Structures are given as structure tokens and as C-alpha cells.
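These come from Swiss-Prot:
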type    : residues              : note
DOMAIN  : 10-285                : domain 'tr-type G'
BINDING : 19-26, 83-87, 137-140 : GTP binding site
Amino acid sequence: MANKREFPLAKTRNIGIMAHIDAGKTTTTERILYYTGKIHKIGETHEGDSQMDWMDEEKERGITITSAATTAQWKDYRINIIDTPGHVDFTIEVERSLRVLDGAVTVLDAQAGVEPQTENVWRQAETYGVPRIVFVNKMDKIGADFDKSVKSLHERLNANAQAVQMPIGSADTFEGVIDLINMVADIYDEDKLGSKWDTVPVPDEYKEEAEKRRAALIEAVADVDDNIMEKYLGGEEISNDELKAAIRKATLNLEFFPVYAGSAFKNKGVQMMLDGVIDYLPSPLDVKPYVAHDPKTGDEVELMADDKKPFAALAFKIATDPFVGRLTFIRVYTGSLESGSYVLNASKNSRERVGRLLQMHANSRTEIPEVFSGDIAGAIGLKNTTTGDSLTDPDHPLILESLQVPDPVIQVSVEPKSKADRDKMDVALQKLTEEDPTFRAETNPETGQTLISGMGELHLDIMVERMRREFNVEAKIGEPQVAYRETFTKEAKAQGKFVRQSGGKGQYGDVWIDFTPNEEGKGYEFEDAIVGGVVPREFIPSVDQGLQEAMKNGVLAGYPLIDVKAKLYDGSYHEVDSSEAAFKVAASLALRNAASKAGAVILEPIMKVQVTTPEEYLGDVMGSITARRGTMEGMEDRAGAKIINSFVPLSEMFGYATTLRSSTQGRGTFTMVFDHYSPTPKSIQADIIKKRGGDAE
């Protein structure tokens, strides 16, 4: 028998808490869990016992790395909360959670207002069309300035943000808030850990200011709501319900962002912000239809939350849980799913069985029999599912748009300290790359080194630390490396002759090969132009193979040789002594002999680099790109920032994240992707050859 849905869709909220690092986001989430009855003791991030920060690294560093999903209940609503990291190296976690959320709470530090990472997460939320409310936190701090924080939302983010509350006092004197819609004051009792407050008429000394601010709020709402505008201009009374309905509509349309005040640490204002989540953020029924694609026809299919429709969900996170093993976090868009059922992984076209379904609370869990549309839950038993995969009813396959995964920007070698560590490291890297698509691991066939790449130095530090702690792997970390290549720039004909006579059967292979540069990206091409059997048919594949093997270690510094055409046009053989092995060696000798005449050069990877910076740092940023041998491709404006497009050699990009951070006071960000290979300048080529101990021709 089908299970009954516990909360109606209209009373469900899927929200994220997003902020700059240290704005008090984890503490805010803690308080939400405390006041909604999910935890009985308040944990503090700075004491290392916060409920949401459940990985050991997070507890030590006091920052949130993994977005933990938690279910809470406020009044008669279910709120699914995803706690997201505020550090720029963990942007994928933020992207992931925004992708599956319906609304978000942006937490600001009342002292700092909008900070660099706030700009980044705000831009990401704009990309995914996520409605937001703002919580100005840390009102108890010296220097807290609510009005300045609201102003920073306008100036830095160009957001139509308006206070729906006014703080009573600040720093030591902060004691509560005035509700500008209902025109009442909520004043907290210091002794009750924020669970008790008195709702009283607005104190006389705040009345005039509160009236002024309410008028400003109505004016801001009138700008985005015709009905309110009409009443406002006509001097008619606007009821509280009308005002709330207009704010909700404008917030859902991304035209308005209500701002709240509070101090999570001092237990003030969190409940009113929770009311804001219910009043102004969307239920799964309020969001735009979700667009999926039919894999058979390619047609677009619109998904609206509906339990009766076929099941469709997105796997948005894989975690290795200490108690249940591999855990897949899913967001259900339509339909329902019982534990024990089979689903189709439409992204990989394979059937999988969902063993158990769990509702998550930071790092504890409750088993549930069924999930419904709009739910966020953990699934156990999905062995082949990875981040971004679509899980659907086996008879109704759909591909839900996958996550935008940025490419890693830093790569280092990692070496196990012992043979025993080697096997454990392979298992650890496989698990960690499954969990995090921006973390990659590969073995370099040229050096045998294992290379790991990620979004920044902190990202890789934490991955190495997790290998040590969770998988007991001790490893040494090397310096960042660049994968160079070699190629020919001129035509060259060369002979390769291999003759060996050492008693008994000898060795004989003789070839003439014409080498020419190939088009970029075309790789190696072999042409057989032998006439009259001067090289017998059976030895020709050996010539091709010999060349391919020789090209793995180039002629200048041992880097792979690429984009070369080889035409075998002459040669000779010996009736008895010729063999496949002899022709293989002859081919490699021809390649070596051609090198000096073929204008061999070392190629370096050139990255397409996009830097986003506030305009005031533009000169410094452009100067820094030029100093790194970069070439400018163009510039554009976006959301109050300048975007610079350029091409820069990868070898010059090491340490750039730190340089950019310091030259833009942490407000600049960049992305880079591999674009093409290009010859290195002569002086740099000589340095590379010297370091590798090769011979410059």
C-alpha cells in the first residue's frame, strides 16, 4: 500500500543557506535546527562541535566543506535545508545545492555587508533563478551596521533588497527587531537562549523611524507591483496581507529581496527569518517548470511537482557515510519512489535498485519508506550513480540538465609513502573522485606519477587530509607540473637502418620516411607509399608501431611528439635477417635522425582564462595577465564587474589564485580551461630541456 505524504507540497520548502566564509552561516543553520526542535544542544563552530559541520576537517578548520542536507519542521511546514560552503575552492558544492533548491537565505556579516564570496554565490543563484531572502547576521558585533549592509546589496549586487525589519539597538545593545509589516516589536529575553521573546507595540523612541522605513518598504514594493503602486499613488490604505502577498510575488519573480536582522550567536531574530522562509520563499509548486529531455527524441519535457507523474530525480551529491557506506543525495522532481524499487539511471542507461531511503539530519538519519516529489533524501544501494545523473521510472526515461562542473585549475603529483599505501590510495582516489566531480586523479603514463587536480590549494590539501584520515593513506605531495608536448615544424626525410650481426640469425631493417607537420589536433598519421615490395607487406605495420612507440618519448626533452605525418616511401630488407622487431627499431632511428632537420619544438598548453574583477582593480589584473605572457582576447561587463577573456600558458598560472585574491582584495575570481598547444619561446624551451636533461638541437 502506498504511503501517505507527511507534508503537502505547498507546505514544503527546499532552501540553501549561502554566504561568504565566516558570515555565521553554520551557526545560523544550527539555530534553525535548535528552534525547529531537531537538536537539543546548541553547537558552536568556533568550539568545533557544530552539528552541520560533521567531517573532521570541517571541525578542525571551522569552515563548512560538504553541504549537509537536513530536514526540519517550522510551524506546520517542512523545511529541507542544505548548508553550503562559503570558500571559493568549494564552489562546486554551492553550484550543486543551488541546482536542486527552490529558494535560499543569504547570510551577511553586519560588519562587512556584501563580501567577495557573497558576490560569487549571488551570481550563481541568479544563473539558476533562485529566489532569496537576506539575513543580516552578527548584529551583536561592535561595528555592526544594518543600513550599510542593505546599501551594500544595492551597490555591490545591484539587487532590489529592502528591509522588512528594523533592528532595535546594535552591538551590546541589540535586543530585538521591529516588524515593519505588522508594526510590532519582538524583544528577546536574554536568559532563554532565544526561545522566548515578547511581541509588544513599537517603542515610542522608534516609532517615527519605523514609520519612515515602512513607507520606504511600501514604495520599493510599489515599484514592482502595479496593484500596490495604484493604491500607493491613490493614497489608499494597504493592508498587511496585501503587502505580504505583493512581497511574496515579487520575491518569487526575483524582483525583490526581503532583508532580516539578527544575531544567530546571541539567539536573536532566527525565528522571524524562518517565518520569512515560509512567507516569501517558494514551495516546489511555485517554481518554474523544470526542463528535462527525452533521450529517445531529444524533445524538451517540462516537469512540475506532482506525485502522480512518473518518478524523476537528480543525484546531486555522493557521500561516503561512516555508517551506511555510499550515500546518494537525490532531489525528487516528480512522482514518488518506495525503498526497494528499481530506477533507471537514464544518464548511464542502466537499472539500479534503491535499497533504503533516508531522511538526513546533519550526520544522523531516519529511515523512510517512500519519497515524494519535492523531497530531498539520501538513497543507499545505487552503485553506479554519480553526481549529476538522472534517476527515473524505468518506463519513462528523462535526462535532467546536469550540473555545470568547472574544470580543475591546479594539479600536483601525489606519491604513496609505501607499497601498502599504493593500493589504499587507488581505492581512496576512486571514492573521492566519485564524490566530487571537480577533483580528478590520473596516472601520467610518461612518468608513472599519480596526478591529482582540483579547484585550489585548500581543495587539494583537504583531499589529501581526507585520504589520510578516512582511508589511512600516507602520501607525499609534489610541486605542480605542466604536461608539455613536442612537434615538428618542417618537412624532413630520414633513413633509419638497423643491422646487427652477432652469430646465428642477424637483425636487418632499413626504411626511408618523409616526416611533415600535421594540422594542429590531427595527431599522428601514417602513410604506406612503398612500391615494388622494397619493404615487404608483413613488416609495414611494424614500422607504424615502431614510430608510435618512439613518439611517446619525444626527441628534445622526452615529451610526447604530436601532430606529425609519416610517409614510408623506401627501404630495403634481408631475406633471412629481417624481422618485425628490426623494422620497429629502424623506424625509431629514422625519427631520431629526422629530428635535427625537422625543426622540433616544445609545445606548452595554453589556457583560456576568464577573470571577473570589480572595475577598480582592472589595471592591476590586466598587468598581471600580460606579465604572465598572456594575450587579451576581449572584455565585457556583467553585474557590476568586468570580465577579461585571455589566453595564458598553464606554466604561468601557478599561484595565480593567490595573486588575484590579493590584488583584488579577494573580490576577483577566475576560471580556466585548456584551449590549445603552442610553441614555447626559445629561452623557455632551453630551460625545459636543461631541466629534463635532454639535448637541444
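Glycine is treated like the rest: Cβ placed from N, Cα and C.
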Segment-level pLDDT (mean, integer) for the domain 'tr-type G' (10-285): 83
Secondary structure of Met139 (GTP binding site) (DSSP, helix/strand/coil): coil
Where Ala19 (GTP binding site) sits in the secondary structure, as DSSP reduces it to three classes: strand
